[in-house]
Amino acid sequence: MAIRKYKPTTPGRRASSVSMFSEITRSTPEKSLLRPLSKTGGRNSHGHITTRHRGGGHKRRYRVIDFRRNDKDGVLAKVAHIEYDPNRTANIALLHYFDGEKRYIIAPKGLTQGTVVESGANADIKVGNNLPLRNIPTGTTIHNVELKPGAGAKLARSAGSSVQLLGKEGPYAILRMPSTEIRRVDIRCRATVGEVGNADQINIRWGKAGRMRWKGWRPTVRGVVMNPVDHPHGGGEGKTSGGRHPVSPWGQKEGRTRRPKRYSDDMIVRRRRANKNKKR
């Protein structure tokens with residue numbers, strides 16, 4: 001994916017860049033695979049904010065993605081189109097199965113219009129094919145990996161991400177995650193060969209606040225500039241530093257959010273490397 005830089009005709013354009021969408025072959029989605037998508041503004045069913053800084057944004061329709069592919073084993077499918085999906089960073093591929101059904105999948109790097117893909121234990125090891133981990137050779141780069149057999153892909157679904165199959169030990173496969181964490185996964189889980197496409201998406205510069213508003217992101221306001229009624233760090237005479245350890249607007253101490261002693265931690269072989277550049 002190529003990135004186009006704008007000429008500095010305005011302050012907002014000066015720092016902006018945009019995808020060239022060179023891989024996209026069709027601009028209109030498959031109507032039968034669209035669903036309505038209502039906005040929540042970051043609120044739950046009680047109206048309470050559960051995700052801050054969300055709201056507004058362009059209207060979207062959800063594209064139904066097939067993250068399982070286990071009910072199409074042995075049925076060949078042809079890639080009809082590569083399409084843009086506003087709901088994720090990766091592009092999506094429209095498959096026309098030879099039995100007449102149409103489905104979307106995450107578009108891996110190198111998958112082009114007209115390519116024939118397959119799923120099942122006997123599928124070839126080529127980009128876009130979906131197989132159980134026990135049938136994939138060690139060292140293969142994969143994406144769209146399941147955590148539980150038949151539950152659908154959960155790992156390595158965003159643009160440019162991938163997982164490496166390091167080995168197999170009994171009923172488990174050893175995987176290296178995008179975070180460098182090494183963990184065990186049930187060998188019956190399925191994965192797709194290759195890495196997710198659209199890897200240059202991370203290099204796009206949005207350039208101005210307005211483009212983030214189009215995406216549904218609202219401004220992030222620091223607690224120390226709020227009033228005491230709005231945030232524990234608010235108030236004070238003049239400019240202050242907050243006067244306490246960093247907390248959320250609801251008083252929750254800032255820091256690690258990963259749940260300790262989670263049942264799936266038993267499957268971790270080696271923790272991810274710490275980010276040395278991150279503030280302590």
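Backbone N, Cα and C atoms are what each Cβ position is placed from, and that goes for glycine too.
What Swiss-Prot annotates here:
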COMPBIAS  45-58  compositional bias 'Basic residues'
COMPBIAS  253-269  compositional bias 'Basic and acidic residues'
COMPBIAS  270-280  compositional bias 'Basic residues'
REGION    1-20  region 'Disordered'
REGION    29-58  region 'Disordered'
REGION    225-280  region 'Disordered'
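For the region 'Disordered' (1-20), the list of distant contacts is 197-201, 203-208, 210-211: same-chain residues at least six beyond its ends, Cβ to Cβ under 8 Å.
For the region 'Disordered' (225-280), the DSSP-based tally of helix, strand and coil residues reads 6 helix, 5 strand, 45 coil.
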